[in-house]
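These come from Swiss-Prot:
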type: ACT_SITE; residues: K153; note: active site
type: ACT_SITE; residues: S223; note: active site, nucleophile
type: BINDING; residues: R53, S77, G78, R185, S223, S224, R310, S329, G330; note: substrate binding site
type: BINDING; residues: E283, A332, Q335, G336, P337, G340; note: Mg(2+) binding site
type: REGION; residues: 1-96; note: region 'RU A'
type: REGION; residues: 103-240; note: region 'RU B'
type: REGION; residues: 246-351; note: region 'RU C'
type: SITE; residues: T306; note: site 'Important for substrate specificity'
Amino acid sequence: MPSLRAHVFRVPADGPDDVAGVEALFASGLQANNIVAVLGKTEGNGCVNDFTRGYATRSFETLFSRYGVDGVSIIMSGGTEGALSPHWTVFARETVETPGERALAIGVSRTPALSPEHLGRREQILLVAEGVKSAMRDAGIDDPADAHFVQIKCPLLTSRRIAEAEAAGRTVATHDTLKSMGLSRGASALGVAVALGEIDATSINDADICTRFDLFSRCASTSSGVELTDHEIIVLGMSAKWSGPLSIDHAVMRDAIDAHSVRKARERLPENSRLAAVLAKAEPDPSGEIDGRRHTMLDDSDIAGTRHARAFVGGVLAGIFGITDLYVSGGAEHQGPPGGGPVAIIVEKEQ
């Protein structure tokens, strides 16, 4: 009985347009049409005017077009503060003549475009929830408990998008383009929570988004960008329909220094295994404290708090895993408890 098999590659990047390492994978035998997703960390500021994300996305679209490949989910997260290293994480899958044995599963989907007036509102939550369910079906994940990380690239509001909506007689959730990033991330994360049964959709209203932080998903990782108007969704989990040496588990950090939870998740994975990728969310604790001690990430007028958080949590995780090419995305609204966030660990068992 055939099964699906996943492959994960961590590739260094010298800049947002550096796809040479991925092209080298093709030269070494990776079939370009087996790639389903690319997660990237680019060296921009991670804010509204971070065009490194779009630059990197266009670079990959150009690369894939040369190989006649389309439909790859390309999700770029800006910001490599501290010692975080710019890199790409490439996900591929293929059909093999091996019975399924419960291994890493990858599913992708893309939603219809989101109208600007629906950003940061219930409509976005429900749209994302349907997209996550579609990606789970694509991955062959039947039980929401088997989903360990849901990565979403979501849109934001720009001055032009706001003006177009208001010219049509519609109102938007905010006129602050930076705030729109958080609203979009938060609504998308709540969509994940609805899809996974963590939250009942009927219990959420517009006013809860980015205010009721007791509502959150333990698996969501959302990143907003100017380069799209829809949502690109990648679901990572475990499925008996897949085979191969890759496994995934996740932790939920209760705060930015919760190394214990991350280590416990690593211990649940095969002991003699190679680290394939680490994917995480980070945000400044909105209380202004970490474990009872004051932090100043939210008071810095020069550097956005999400940038501080990426650097800080990146350092914690680098100390645990001994690598700096970590996918640490800032802004964790409704993604884990306030000040914390999910961390997914992918390993490859020895064969």
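Counting begins at 1 with the first residue displayed.
Just so you know, glycine gets a Cβ as well, placed from its N, Cα and C.
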Cα distance (Å, whole number) from R310 (substrate binding site) to P337 (Mg(2+) binding site): 16
Candidates P337, G340 (binding-site residues); min other-Cβ count within 10 Å returns P337
Taking R53, S77, G78, R185, S223, S224, R310, S329, G330 as the record's substrate-binding set, what's the max Cα pairwise distance in Å, rounded to a whole number? 16
Counts by DSSP class (helix H/G/I, strand E/B, coil) across the region 'RU B' (103-240): 58 helix, 30 strand, 50 coil
If the Mg(2+) site is taken as the center of the Cβ atoms of E283, A332, Q335, G336, P337, G340, which further residues of that chain fall within 8 Å of it by their Cβ? F216, V252, M253, K281, A282, E333, H334, P338, G339, G341, P342
Could you state the CA-to-CA distance between R310 (substrate binding site) and the residue listed as 'active site, nucleophile' to the nearest Å? 13
Round to a whole number and give the Cα-to-Cα distance in Å for the pair the residue listed as 'active site, nucleophile' and the residue listed as 'active site'. 5
Take the region 'RU A' (1-96) and count its residues per DSSP category (helix H/G/I, strand E/B, coil), listing them in that order. 26 helix, 34 strand, 36 coil
Excluding R53, S77, G78, R185, S223, S224, R310, S329, G330 themselves, the substrate site's Cβ centre has within 8 Å the residues G46, G79, G225, T306, G331
Work out how many Å separate G340 (Mg(2+) binding site) and G330 (substrate binding site) at their Cα atoms, rounded off. 11
Report, as a single number, how many Cβ atoms besides its own are within 10 Å of the Cβ of R310 (substrate binding site). 29
